[in-house]
Structures are given as structure tokens and as C-alpha cells.
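See structure below.
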Amino acid sequence: MSFSSDEVNFLVYRYLQESGFQHSAYTFGIESHISQSNINGALVPPAALLSILQKGLQYTEAEISIGEDGTEQRMVESLSLIDAVMPDVVASRQNQQNQQKQQVKTEVQDTNGEEVTPNVGVGVGMNERVGDRGEMEVDEQQQQGTSASAGTSAVEIPASKATVLRGHESEVFICAWNPTTDLLASGSGDSTARIWDMTDNSQAPSQLVLRHCIQKGGTEVPSNKDVTSLDWNCDGKLLATGSYDGYARIWTTDGQLASTLGQHKGPIFALKWNKRGNYILSAGVDKTTIIWDAASGQCTQQFSFHSAPALDVDWQTNTSFASCSTDQCIHVCKLSVDKPVKSFQGHTNEVNAIKWDPQGNLLASCSDDMTLKIWSMKQDTCVHDLQAHSKEIYTIKWSPTGPGTHNPSMNLILASASFDSTVRLWDVERGACIHTLTKHTEPVYSVAFSPDGKFLASGSFDKCVHIWSTQSGQLVHSYKGTGGIFEVCWNSRGDKVGASASDGSVFVLDLRKL
């Protein structure tokens with residue numbers, strides 16, 4: 001058995017990415033020269049490091065539980081990962097196991113008058129199976145009773161009702177529906193984006209593979225870099241993607257590469273079209289944001305106001321936008337203006353995401369400092385400083401409701417998703433939390449409102465997509481996939497939900513079939 005430091009570093013790098021530590025992963029990747037290794041990341045399965053750690057832990061437990069005579073005694077208490085790497089703890093557990101085994105032998109001698117060597121491993125195993133079966137039967141009866149009274153069967157979406165899209169060879173970080181047709185785009189760690197055609201409701205929809213390549217030695221080769229951001233333009237004819245290789249790209253709906261946008265000096269973290277569709281905005285680890293001319297693919301203006309990597313951007317108008325960074329600052333910038341028109345400071349840790357409300361009046365921001373803040377161009381300090389989450393807030397979304405939307409009679413709501421496993425819905429006008437959605441058991445990475453604002457989809461690393469009523473806060477539908485959920489999104493009609501996962505799967509829930 002042998003392994004190299006490059007292999008160890010790659011597994012750590014992938015673990016950081018899969019756990020959502022994108023900035024730490026980037027720094028570690030640079031310092032360990034991951035890009036210079038010969039490892040084909042597309043062939044490495046998700047959660048590889050955890051899998052190896054689990055096997056190592058099981059091996060250590062087996063060493064402890066198996067005696068010198070080859071018999072096995074069940075461990076009373078499982079080892080933790082830290083215990084397993086401490087020689088003194090392992091030795092102590094082995095002594096405990098030997099003492100326990102000797103005690104069993106003594107008890108058998110006292111009972112039968114002669115020494116009998118019990119087959120502890122087989123005996124315990126048989127008892128476990130019988131006991132588990134009895135408990136299982138009771139649980140099934142209890143669950144059937146609960147389902148009948150609480151109606152959980154109506155909430156849970158069976159696997160047969162979901163269309164699972166296979167093709168990506170690594171985790172799928174992002175997905176987005178075309179605004180005019182049922183084309184679903186996805187971006188993955190396998191250095192590809194894909195366009196899935198869901199228009200005919202087929203269980204095996206066609207897919208276009210958009211390979212992200214770079215020039216090397218006069219030839220095009222796969223970049224082997226993650227595709228972490230993508231966005232459709234307003235009429236759905238063009239798709240923009242951003243990659244860790246530092247390039248943004250524009251694609252047609254038939255999978256043709258229209259433009260390659262090269263000005264950033266490192267990975268691109270975020271990318272957005274403006275409403276008019278003539279400009280693309282990107283944010284990079286090189287601390288800059290760039291407005292690109294979509295027609296020519298040229299850099300129109302580069303903004304260098306942040307002192308650390310820029311994490312997110314959002315258009316306010318067709319020519320002005322906000323950006324946030326690990327430097328804890330938010331800047332509002334305008335095309336042809338050489339300094340920020342407004343800067344907001346108040347967060348005490350990385351600002352992960354920013355979003356303008358539908359009218360472009362209020363800017364919401366969320367941070368690793370566990371706060372959600374609301375800002376206005378009319379003042380320097382925040383309008384609201386909302387503190388309710390107990391861990392980092394990863395993302396936020398405004399509802400498509402209230403003045404200036406297609407649903408003007410409904411109240412404007414803001415949703416926040418946190419690593420504390422909860423989603424919160426906020427009445428921003430009052431600065432009050434109106435619902436706390438608590439069914440997830442792992443960090444929540446994505447939330448998305450239905451086009452009519454009546455429902456909210458949430459995706460978590462517990463592999464579940466939940467669909468909630470925004471009015472009552474009740475869980476309406478729930479589906480459990482096969483990998484941690486990075487992104488959820490609604491199609492333009494509001495009858496399909498797409499999701500992308502850490503195991504390389506993309507799936508679609510057709511709510512009309514439920």
C-alpha cells in the first residue's frame with residue numbers, strides 16, 4: 001500500500017469543496033499545487049475522504065474487538081474519529097474488551113460448572129438481528145398509524161415521481177431553468193455544463209454537454225476546473241457560465257460556444273446577466289468585478305475596489321450593481337463611474353450573498369457573522385440588522401411579490417438559508433421573522449421562490465428538497481435524493497423544481513404529477 005501527498009491533498013481539497021468551504025478550497029488548492037497533479041478528478045467519487053476515514057475507523061474498531069483467538073466481541077461504545085488516532089485510547093479500549101471477554105468466560109464457568117468458550121460474535125449478531133426485526137415491526141406499525149393520522153404520505157414524493165438526470169461525473173454545484181422553455185442547465189466539478197431538454201416530459205431527456213476547455217500547447221484540453229456559476233439571459237437564447245479556470249463563457253441553446261471572456265486572474269465565483277441582456281457581470285477571486293459586453297465578449301469595465309475575493313454580485317439597474325467580498329464590505333458601482341457610488345460596512349465576517357429587492361430599493365446581505373442585513377441607498381447604516389440564525393447564513397432570496405412584480409397584492413418576503421439547518425422567512429418592512437422552517441437536518445445551501453410567490457423550495461446537504469407554503473410555513477412536499485443538495489430552482493411556469501447534488505445527479509420534480 002502506498003499513496004502520495006498529492007493524493008491526500010486532492011481528497012482534502014475535494015472535501016473542502018463538497019462541504020461548502022469554497023474559499024478555503026481555493027486557497028488550499030493554490031498552496032498545494034493541486035492543478036499540477038496528474039489526478040483525474042472526474043474519476044474520484046464524491047465524499048471520497050469521508051469514505052476512507054470511515055473504513056479506517058471500522059478497521060481500528062475491528063482490531064479492538066477481535067481477540068487473539070479470533071473471536072469477536074461487540075464494542076460497548078463506538079470509537080470517535082479522534083479516539084481512533086490516539087494510541088493510548090485504542091490500547092485502553094483493547095484492555096477493556098479483553099477484560100469484558102474474560103468476565104463473560106468466568107460467568108459461563110460459574111453457571112455451567114465447566115469452561116465453555118462462547119462464540120460471542122455469532123451470539124450477539126443473532127440477538128441483534130432478532131431484536132432489530134422486532135423493533136422494525138413495531139416501528140412499521142407506528143409509522144403506518146402516524147401516516148394515516150398526519151397525512152405524511154401526501155407530503156413525501158416517491159422516487160418514482162422524480163426524473164433523475166445522470167451524466168455528470170462529479171458534484172453538480174448549480175442548476176438554472178431557461179426563462180422561456182423547459183431547458184435545465186447544470187454546472188459541475190467535471191468541468192462541464194449541461195443543458196437538459198425537459199420539454200417532452202421524457203424519463204430519459206436529451207442532454208447537451210458544454211465542455212470547458214483551455215488552450216495548452218496549441219491544442220484544446222479540458223480545463224479540469226469546476227463550473228460554479230451559470231445564468232440564462234432574459235430571452236433564454238444564451239447561457240453564460242463561470243469557471244474556476246478564470247474564464248466566463250457564453251453558449252447558445254444548441255450547445256455552441258459563442259464567446260470566451262478572459263480578463264479575470266483566477267476563479268469566477270458569481271456571474272449575472274442584466275435584464276436588458278446586453279451586459280454580463282462577474283465576480284472573481286482576483287478581488288475584481290467586471291462588466292462584459294455580451295455582443296463582443298470584451299471587458300467594458302473592471303472594478304477593483306475590494307481588498308479580498310469578490311463572492312457575489314447583483315444588478316440594481318441595467319448599468320449599476322452591488323458586490324460583496326470576504327473583506328466584509330459591500331460596494332454599489334455604476335458603469336463609467338470610477339469609484340463606488342455607495343459602500344456599506346457593518347458585517348464582521350465574510351459577506352456570502354447579496355440581493356436587491358424586485359424594485360431595486362433595498363439590498364439584502366448575509367454573512368458568516370450569522371446576521372442578515374438590509375441596506376438602503378438613502379443611508380449609510382443598515383435599515384435592519386436581523387439576528388436569529390445560530391450559524392453562518394449561506395444565501396438569501398427575495399420573493400417575486402409586492403410592488404413592481406407580477407404579484408403586487410402579496411407581501412414582500414425575504415428568505416434566508418443557514419448552516420444551522422433552518423430557513424427563515426422575513427417580513428422586511430417590520431424587520432420580523434414570520435416563519436422558521438426546521439425540517440432539514442444539515443446545512444441549507446439553496447432556497448428558491450415559485451414564480452407566484454406561494455411556495456418556497458429549499459435544498460440541504462441532508463439530501464432533501466422541501467417545498468413549503470410561504471403563507472403558513474407548512475411543509476407541502478418533500479423529496480430525498482441521493483446526494484447533498486447544492487441548488488434548487490423553479491421553472492417559469494412554477495410546475496417543475498430542479499435540483500443539483502453532490503453525487504453528480506440532477507433531478508426534476510414535476511409537481512403536476514403529484
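Cβ coordinates are placed from backbone N, Cα and C, and glycine is handled just like the others.
Any TrEMBL annotation is an automated prediction that lacks curation.
The compositional bias 'Low complexity' annotation in TrEMBL covers 94-106.
Among the features that TrEMBL reports, compositional bias 'Polar residues' is placed at 141-152.
Taken from TrEMBL, the feature region 'Disordered' applies to 93-154.
Applying DSSP to the repeat 'WD' (165-206) sorts its residues as follows: 0 helix, 19 strand, 23 coil. The feature repeat 'WD' is assigned by TrEMBL to 165-206 (among others).
For the repeat 'WD' (227-251), the model's average pLDDT works out to 97. For 227-251 (among others), the entry in TrEMBL reads repeat 'WD'.
In terms of DSSP secondary structure, the repeat 'WD' (261-302) contains 0 helix, 23 strand, 19 coil. The repeat 'WD' annotation in TrEMBL covers 261-302 (among others).
Using a Cβ-Cβ cut-off under 8 Å and counting only residues 6 or more beyond its ends in the same chain, the repeat 'WD' (344-385) has close neighbours at 23, 311-317, 322-326, 328-332, 391-398, 400-405, 412, 414, 416, 418, 426, 428, 431. Under the heading repeat 'WD', TrEMBL lists 344-385 (among others).
If you look up TrEMBL, you'll see 386-436 (among others) marked as repeat 'WD'.
Per TrEMBL, repeat 'WD' is recorded for 437-478 (among others). Distant neighbours of the repeat 'WD' (437-478): 20, 155-157, 391, 394-401, 405-407, 410, 413, 415-425, 484-490, 492-494, 497, 499, 501-502, 509, 511, 514; these residues of the same chain sit at least 6 beyond its ends, with a Cβ under 8 Å from one of its Cβ atoms.
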Inquiry  = Could you give me three numbers for the repeat 'WD' (344-385), the DSSP helix, strand and coil residue counts?
reply    = 0 helix, 22 strand, 20 coil
Request  = Sort the residues of the repeat 'WD' (437-478) into helix, strand and coil with DSSP and give the three counts.
outcome  = 0 helix, 23 strand, 19 coil
